[in-house]
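Everything below concerns the one structure shown next.
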């Protein structure tokens, strides 16, 4: 770069034609080295960015796996009320995603960026409301409203954290390979977050003696009284265990939010900085939802995500009552998440070697044989652990691939609509909206199904109809949804060849934007020479 500057000084002192020639050549020499430095992300930056994904996954994993059984057996909310809480909470969570995306798209850039202020200011309310979700109030008749209020408040605050964090993927680098690498870091940490959420919640709660009541018909009054006294003491210990787990998780939430804020800096696209105002929200929404690759991608992942959410929401009840592993469910969850954590780097290598669509087909379909095995086999702990480890491999693919493929869709959109910017939050928020709304529907329907099947709150065992319903919710329904999702992925048009073409075209667009900025400076200098 110093050499180029020296050549420019010499030409300014010489003849005018030479100066004009070198002034027009100079931008190509000046722009290359700084741009490479901008696009390169250090390992420290990638780690700081990746740690920002842990709060959403730690809290989401704890809520996804344990909130249903907590409401039914600890808070002792009826199955119908629990289904209302779960459905309304998830549906509200889904609605807040496009609302937050709209507000972010209207936000202006600050010294912290456009996305970071949302992450910073949502964190305090998120941790307070999360803790109160796991608190059992003294007024039993108002418990439904208590849990509904703080569940919806927490989901709102975590949306204000997660939507800007998801959109941050497009602003940490302009290079596809760097974004894919940072996404792999992020997915690894997020799966580690699910491991932490599972381990903390499962192991702490698993140590408590959660009481269950056998059918006491024909027993003596004295034995019923003793059983009730022991149950009351154990029930309080279980409540304290849930609060302790919540306290540990919110500490992790705050620490990761601080590291993300201090360690990541947003970058603006060169061509975006030249635009005066961002696109209007509803105009951007119309363009985004009419973008074919985006619609096909979210539709495919809608079905596959719904499959894994059904498994997640009912897995603890399935292990406890259908398989009879009341004291092993937390260890089975841990086996799934550890397996997923260790296979994230393998899937990252696989998608770079064989392509993302191939990784989708192989990674997500690999869960089907093991779900069939679980549906058909008798209760066997060793086989269940083997299935749990194998399922974790598919969970890793389901974690990594959506967030790795969304930036490709956004790049494709930018090429077709190069004059519109600020649509990144819309892409991410509506993807999360559809998956969360489907999650709310799945949890609501599954809990209502248990109510119709005759679920008994705090029972040591359940009727055969409940066991059969849980079996269908964890095995057969997810299999059908996975197969439907894979069929829809056949329509997804962005393969590896198109990705490479988009990458070259976007680089040419950035070069043009940088050249136009440099040429304005050259014109000013040339006027001074004249």
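In case you wondered, yes, glycine gets a Cβ from its N, Cα and C as well.
What TrEMBL records for this protein:
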REGION    1-20  region 'Disordered'
COMPBIAS  1-14  compositional bias 'Low complexity'
TRANSMEM  115-136  transmembrane segment
TRANSMEM  148-172  transmembrane segment
TRANSMEM  241-264  transmembrane segment
TRANSMEM  297-320  transmembrane segment
TRANSMEM  332-352  transmembrane segment
TRANSMEM  358-376  transmembrane segment
TRANSMEM  383-406  transmembrane segment
TRANSMEM  470-492  transmembrane segment
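Stretch with the largest number of CB pairs closer than 8 A to the transmembrane segment (470-492), among 115-136, 148-172, 297-320, 383-406: 297-320.
Same-chain neighbours of the transmembrane segment (332-352): 61, 65, 180, 184, 187-188, 191-192, 194-195, 198-199, 202-203, 315-316, 319, 325, 358-359, 362-363, 384-385, 388-393, 395-397, 399-401, 404, counting only residues six or more beyond its ends whose CB sits under 8 Å from a CB of the stretch.
The stretch in 148-172, 241-264, 297-320, 358-376, 383-406 that contributes the largest number of Cβ pairs under 8 Å to the transmembrane segment (115-136) is 148-172. Within the chain, the transmembrane segment (358-376) has long-range Cβ neighbours (under 8 A, six or more residues past its boundaries) at 300, 304, 307, 311, 347, 350-351, 383-384, 387, 390-391, 393-398, 401, 471, 474-476, 478-479, 482-483, 485-486, 489.
Beyond its flanks by at least six residues, the transmembrane segment (241-264) meets 44-45, 47-49, 51-52, 54-55, 58-59, 62, 66, 70, 74, 112, 116, 119-120, 123, 126-127, 130-131, 133-135, 161, 165, 168, 172, 196-197, 200-201, 204-205, 207-208 of its own chain at Cβ-Cβ distances under 8 Å.
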